[in-house]
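Peer 1: Next up is a structure, given as C-alpha cells.
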Amino acid sequence: MASEQSSPEINADNLNSSAADVHVQPPGEKEWSDGFYDKEVINGNTPDAPKRGFLGYLIIYLLCYPVSFGGFLPGWDSGITAGFINMDNFKMNFGSYKHSTGEYYLSNVRMGLLVAMFSVGCSIGGVAFARLADTLGRRLAIVIVVLVYMVGAIIQISSNHKWYQYFVGKIIYGLGAGGCSVLCPMLLSEIAPTDLRGGLVSLYQLNMTFGIFLGYCSVYGTRKYSNTAQWRIPVGLCFLWALIIIVGMLLVPESPRYLIECERHEEACVSIAKINKVSPEDPWVLKQADEINAGVLAQRELGEASWKELFSVKTKVLQRLITGILVQTFLQLTGENYFFFYGTTIFKSVGLTDGFETSIVLGTVNFFSTIIAVMVVDKIGRRKCLLFGAASMMACMVIFASIGVKCLYPHGQDGPSSKGAGNAMIVFTCFYIFCFATTWAPVAYIVVAESFPSKVKSKAMSISTAFNWLWQFLIGFFTPFITGSIHFYYGYVFVGCLVAMFLYVFFFLPETIGLSLEEIQLLYEEGIKPWKSASWVPPSRRGASSRETEAKKKSWKEVLKFPKSFN
C-alpha cells in the first residue's frame, strides 16, 4: 500500500477524502457489489475486532473530539445569554429606559426574543444545511456551517444600540450552530466503533455542557466592566471555538458510509482503519466495509431517498422519525433550559445577591455529570438511562416546585424570601441537573444519531433536531411570561411532561446498545417489542451471549488497560 500525505489546506478535495491517493488491494478479484470480505480469505474464521489498549482508546477519542466540539457552540450561547440579560451595559444598549426608576431594563418580549432567536436560527439551520452532508461530505459541511456561525458573531459584535441588528446576528449565528447539531452527531455515529458509539456521541453533549460552564465563567469575568466589553468579549471568543472545529476537520476521517455511498470504497477502508488504528487491508476492516456496502445496496434497491420516504411505514422510517421527534421534544420538556437560560434570574429571586456565582456552580455540576454519562452509557444501555432519568428528574422537580410554591415566600410574594427554602431549591436544582446530564442530555442525541438508515439520515435527523430547537424557542420565549404569572407552579408543568416521557420510552423506544447501525435497521424491521429488545440478538450473532451481557463483560480495567510499552 502506498499513501501520500495530503496538504493541510482546507478545500473540498481535502475534506472529502480521508487520505488522498491511497490504494488498497483487496483480497481476491471480487467486485464491491459482492463484497471484499470473504471467509475463505481468512480460513473460514470470522475476523475479530482489533484489541485496544489505552493508546487505542486515546486515539479514537482524540480523533472524534474535534467533531464533538460542535456541541460547544450552542452551549456557549446558553451560558453567555444567561448572563447578558442581567448585565447593565447590555440592557443599556438593547433595552428600554424606565423613567420612574432611572434604569434600563429588558421587557419580557425582548428578553424572550433575546433567548429564543438563537433557537429559531438553529431549527432552520439544522434542516437547511443537513443536505450538505450528502452532497459535500460530512466534514466539509461542518466547516461551512461553522463559517456561517462566525458571520453571525460578526453581526452581533458590530451591533450598537440596535437590538434588531443583534437579533438578526443571533439568528444567523444559530443557523451555523443548528447545522452543527445535526452534522456533528451524524459524523460521530458513523465513524465511531459500535462498542464505543454511545460514549463518543455523548462527547457532543459533554462539550455542550463545557460550553455552558465556560460561558458562565466568561460573563462572570466581564460583568464588572462598565462598557461594551461586558458582552462583546464573550461574543468575540466565538471565533476561537469556530477555528478549533475548522482545524480539527483536517484530522478527522470522513464517514465510511458516505464514502461507500459515493463509490469510494478504498477510502472507506482507510477511514475505518484510521479510527481503529489498523491496516486498511486487515480482514476485520474489509468485513466492516462489506457490511456497510451491503446496507447501502439494500437501501438503493428501495429507490432514491426523498422527503416522501420519511413517511414510509414499510421500512419503519416513519416510526423512527416519530421517535426522533418525540425524544428531541422531550429533551426540552424536561425543563432543563428553564434553569440554564434563566438560572441567574431564578436564583436572584430566591435571595442570592450574586446569581452569576450560582450559575457557575450549576455549570460545574452539569459538566462533570456528563463525564459520567460518557463513561457508562455503553454499559447501561439507552432505555435504562432514559427511564431512570425521567423518574429521578420527576422527583427533583416536584420537590423544587413544591418548595417554591409553599415555602419560599412564607409572608407572601411581596415579603422577604426564606433563605433555608432558597438553599434547598438550589440543592435540588443540582440534583436535577445531575440526573439530566447523566441521562437524557447525552442519550437523546445518541438515539437520534443511530436510529435512521443512511439513505434518509440527514433528512430525518434534521427534522428531529429542528423540533428540539423549536421547543427550545417556545420555552425560552414564553418562560418570562409564564413565571411572571404562575411563578414556581411552572415546575408542575414539567412534572407532567416527565411522566409522559417515562411512559413513551417504556412502551415505544427499543434498546440499541451493542448494535451496529446496520443491525439497528434489522431490529426495527423485525418489529421487536421495545421492552424485549435488550435481549434481541442480530442474525449474524445468534447463539452468542446477549448484547447486555457482552457490554457488562467489558470492565473499566480493560477499557483503561495500558499497552505493554507503558508498563
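Just so it is clear, glycine is given a Cβ too, placed from its N, Cα and C backbone atoms.
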Peer 1: Do the topological domains in Swiss-Prot put Tyr225 and Val427 on a single side of the membrane?
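Peer 2: Same domain label for Tyr225 and Val427.
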Peer 1: What is the number of residues in the topological domain 'Cytoplasmic' (254-336) that are helix, strand and coil, as DSSP sees it?
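Peer 2: Residue counts in helix, strand and coil order: 60 helix, 0 strand, 23 coil.
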Peer 1: Hey, which of 140-160, 198-218, 233-253, 385-405, 466-486 has the most Cβ-Cβ pairs under 8 Å against the transmembrane segment (360-377)?
Peer 2: 198-218
Peer 1: Suppose I define contact as three or more CB-CB distances under 8 A, residues 6 or more apart in sequence; do the transmembrane segment (233-253) and the transmembrane segment (466-486) meet it?
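Peer 2: When sequence-distant Cβ pairs are counted, the transmembrane segment (466-486) does not touch the transmembrane segment (233-253), since fewer than 3 lie under 8 Å.
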Peer 1: Taking 56-76, 140-160, 171-191, 466-486, 488-508 as candidates, which has the most Cβ pairs under 8 Å with the transmembrane segment (428-448)?
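Peer 2: Between the stretches 56-76, 140-160, 171-191, 466-486, 488-508, 171-191 has the largest tally.
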Peer 1: Decide whether the stretches the transmembrane segment (385-405) and the transmembrane segment (56-76) have at least 3 CB pairs under 8 angstroms, with pairs required to be 6 or more apart in sequence.
Peer 2: no
Peer 1: Within the topological domain 'Cytoplasmic' (134-139), how many residues are helix, strand or coil going by DSSP?
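Peer 2: Reading the DSSP string over the topological domain 'Cytoplasmic' (134-139) gives 4 helix, 0 strand, 2 coil.
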Peer 1: Checking distant contacts: for the transmembrane segment (488-508), what same-chain residues at least six beyond its ends satisfy Cβ-Cβ under 8 A?
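Peer 2: Distal contacts: 323, 326, 330, 333-335, 338, 383, 386-387, 390-391, 393-394, 397-398, 400-401, 403-405, 408, 440, 479, 482, 530-531.
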